[in-house]
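If you check Swiss-Prot, you get these features:
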- Cys56: active site, thioimide intermediate (ACT_SITE)
- Asp63: active site, proton donor (ACT_SITE)
- Val78, Glu79, Ser80, His97, Glu98: substrate binding site (BINDING)
Amino acid sequence: MAGRQEKELQNVTLLGSEQTEYKYSYDPRVLETFDNQHPYRDYMVKFNCPEFTTLCPKTGQPDFATLYISYIPEQKMVESKSLKLYLFSFRNHGDFHEDSVNTIMNDLIELMDPRYIEVWGKFTPRGGISIDPYCNYGKKGTKYEEIANYRLMNHDLYPETITNR
């Protein structure tokens with residue numbers, strides 16, 4: 001395989017740009033995709049995002065988390081710089097932890113239509129409690145729907161030891 005042709009990258013506008021515009025309000029329009037060159041194969045793509053920040057919708061206090069986003073692509077894949085800028089757009093966005101991870105998953109489903117996706121947020125403690133929301137999705141009527149159900153019920157059977165993150 002010779003790599004990607006320029007025409008395959010025409011929708012990737014942020015990567016390599018000399019001018020990066022950071023959105024300070026939630027904006028899913030910043031997300032970009034590129035074609036999956038291996039749609040005949042199941043494989044997992046995982047993003048580890050240790051610097052996610054959002055705001056408490058009630059107090060305006062900052063919330064910090066590590067996000068884990070994993071998916072099995074179909075035809076489209078999310079471009080990583082656009083994902084970084086998208087996650088940055090949550091910086092001044094007020095939402096609960098549970099809503100944030102579900103919003104991220106829903107936006108990525110709409111963008112890529114993956115076979116399977118999961119988003120797990122591991123938020124730092126506030127008031128002595130950490131919240132770790134997990135959500136996932138598998139295409140309806142496929143084996144990925146079954147995988148999603150299994151993963152949901154078994155995703156945290158062996159929780160880590162919390163050492164104040």
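Keep in mind that glycine also has a Cβ here, set from the backbone N, Cα and C atoms.
Keep in mind that this is a model prediction, so the values were computed, not measured.
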- Message: So if I draw a 10 Å sphere around the Cβ of Val78 (substrate binding site), how many other Cβ atoms end up inside it?
- Response: 23
- Nearest by Cα to Asp63 (active site, proton donor), of the binding-site residues Val78, Ser80, Glu98, is Glu98
- Query: Are any of Val78, Glu79, Ser80, His97, Glu98 (the binding-site residues) within 10 Å of the residue listed as 'active site, thioimide intermediate' when you go C-alpha to C-alpha, and if so which?
  - Reply: His97
- Among the binding-site residues Glu79, Glu98, point out the residue whose Cβ has the most other Cβ atoms within 10 Å, with all shown protein chains included in the count. Glu79
- For Asp63 (active site, proton donor), the number of neighbouring Cβ atoms whose distance to its own Cβ is within 10 Å equals 22
- Item | Neighbouring C-beta atoms (10 Å sphere around the C-beta of His97 (substrate binding site)) | 19
- Note on the structure: Among Val78, Glu79, Ser80, His97, Glu98, which the record lists as binding substrate, the farthest-apart pair of C-alpha atoms sits at a distance in angstrom of 24
- Where does Ser80 (substrate binding site) sit by DSSP, helix, strand or coil? helix
